[in-house]
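*Asks:* Taken from Swiss-Prot, the feature active site, nucleophile covers CYS2, and the record attributes it to sequence analysis. Positions annotated as domain 'Glutamine amidotransferase type-2' by Swiss-Prot, on the basis of sequence analysis: 2-221. The domain 'SIS 1' annotation in Swiss-Prot covers 286-426. Swiss-Prot lists 445-579 with the feature domain 'SIS 2', giving sequence analysis as the kind of evidence. Annotation comment: Swiss-Prot describes LYS584 as active site, for Fru-6P isomerization activity.
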Amino acid sequence: MCGIIGIVSLRESKKLAEMTVSALKRLEYRGYDSVGVASISSNGLEIRKAKGKVEEVVLQKKIEEMEGYVFLGHTRWATHGPPTDYNAHPHTDCNGNIAVVHNGTIKNYKELREELESLGHKFKSETDTEVIPHLIEEFMKRGMDPFQAFKSAIKSLEGSYAVLAVINGERRIFFAKKDNPLIIGLGEGQNFIASDIPAFLPYTKRILVIRDDELGFITPETVYLEDKDGNVINIKERIRSVDWDIETASKEGYPHFMIKEIHESPRAVKETIDSLMSDIDLVEKVIEEIKNAERVIVIGAGTSYHAGLYFSIELNRLGINSLPVIASEYYNVRSKKGDLVFAISQSGETIDVLQGIRMMRNSGAKIISLTNVIESAIARESDYKIYMRAGPEIGVAATKTFTTQLASILFILSVLKKENLKKMEKAPDIVRDTISQVEGLTKKIGEELAKKSNIYYLGRGLSLPLAMEGALKIKEIAYVHAEAYPAGESKHGPISLVEKGFPVVIINDGELTELLQNNLMEMKARGARIYAVSVNKKMKDADVEIELQSEIPVLSIAPVIQLIAYYAAVTKGYDPDKPRNLAKTVTVE
């Protein structure tokens, strides 16, 4: 997820450059790979940008020496096109009179780009964003005034966006929002607009939150806002003040990044699905490789292994020979030509996964990767690269990245099975509705489990990987010893530890309810306290049950197990964002 800042002032000065740089530094927590700034002064529009960290780019490009009365700043998290100087934002039109920064995914950018190129427009980057300044330019050529041209450009876009645009000679910043955050900060003689409140918090605490499908512009002293039907919105009743410090603001009011990122999962899933829809040709090539492979080896570590296990089970059920591999055990696998390796890694840098795919490539296997970081090491060494669109994840324990891994896998499976993709379009709402429904009960369960020393998580079939992930999560951040087992294996040893009050969490995706019910009764007979997470089919005699209805059970279960672990951790007074002894990316074997 990119960081965006815009400032428009009555006065032209270098101070705005310093303020822009300061704002970009406060947005660094989002994660990024490149930085860029645009300014408008009496000398015209100027762009300075490069790949690298804020401090590096500021020094290299002498950004703090820029002058102007309008500034745009952007930190880019690469999605379309690798992290390079030319792919960094802001992007401009053919004549360098219009500059745009953008966060989100433009689903129809390929069609728009082809149309604009046929009209003579020249592109300089590989990004989806660059179509926006060219669209504005094209509409202005047709006689529209700047705001009308901006509105027409926005109407041409399909997908998600937070867009800021400036035009040389204009003392205003145009903006539009859909599915990505934009907030206006109201100052004295200057106004701000940003993706996050921390960007402008030192300068004003008066804010106006832009809602989906709203657009408008800010000047140094005014805000103009319209809804999607062109109705002018009275902003006075929506202005409010915040009493936050910088750290609190970066969490957008949430007490921890982990809970914030769980709540970001619906948007992350939407952007992931939208991206896969727009790149359906890639998905179909991946499907052909899967169909033609003698064996599909699915490799991942930790949470990514659990997502991979889910995928492997589904492939085997479809008659496609698949082997799930824990990445750190890659050396046990004897791969050969004809094998296809599906590598899953949030960071794209996990050393065990990287070493595994290198070994298997050397034996003739093809590599497909699913990562959250464009042009990461694993992606670079893959024949086909699929990217999640979760955005940066600050919390060490994977939450929204696990959910987007599952969403990506489910999308691939839907295409493989030739299912109607309309169901996948519902995925963001399914995740959102689940979170809204279960937050209270997951808190209660988390508070109870926080008092326990040992927990079993049981599942069968496709719910087993979710049970494994649930046990890992509560182990990682609440420091409660938890073990996951196939429920049918519980009587082959684990049940010997069950006594009165022993907590057992049963994950039931609705597929094998009767068998799970038998396992529940076996545990119950020995005094276990049963917590059930059930989708579409209720279990009998559970002590506490979360009941869900869902077209995509796995996407409903994922946030439930994350929330339970989160509330267990905070009940014990632990920081769930920074669990002891763990790192976000493991780069040593």
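Positions of Cβ are set from backbone N, Cα and C atoms, glycine also.
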*Asks:* When DSSP states are grouped into helix, strand and coil, how many residues of the domain 'SIS 1' (286-426) land in each?
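*Replies:* Going through the domain 'SIS 1' (286-426) residue by residue, I get 65 helix, 28 strand, 48 coil.
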*Asks:* Around CYS2 (active site, nucleophile), how many other C-beta atoms are within 10 angstroms of its C-beta?
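*Replies:* Counting Cβ neighbours of CYS2 (active site, nucleophile) within 10 Å gives 25.
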*Asks:* What kind of secondary structure is the residue listed as 'active site, nucleophile' part of, going by DSSP in three states?
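*Replies:* Where the residue listed as 'active site, nucleophile' sits, the three-state DSSP reduction gives coil.
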*Asks:* On the 0 to 100 pLDDT scale, where does the domain 'SIS 1' (286-426) sit on average?
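*Replies:* 95, rounded to a whole number.
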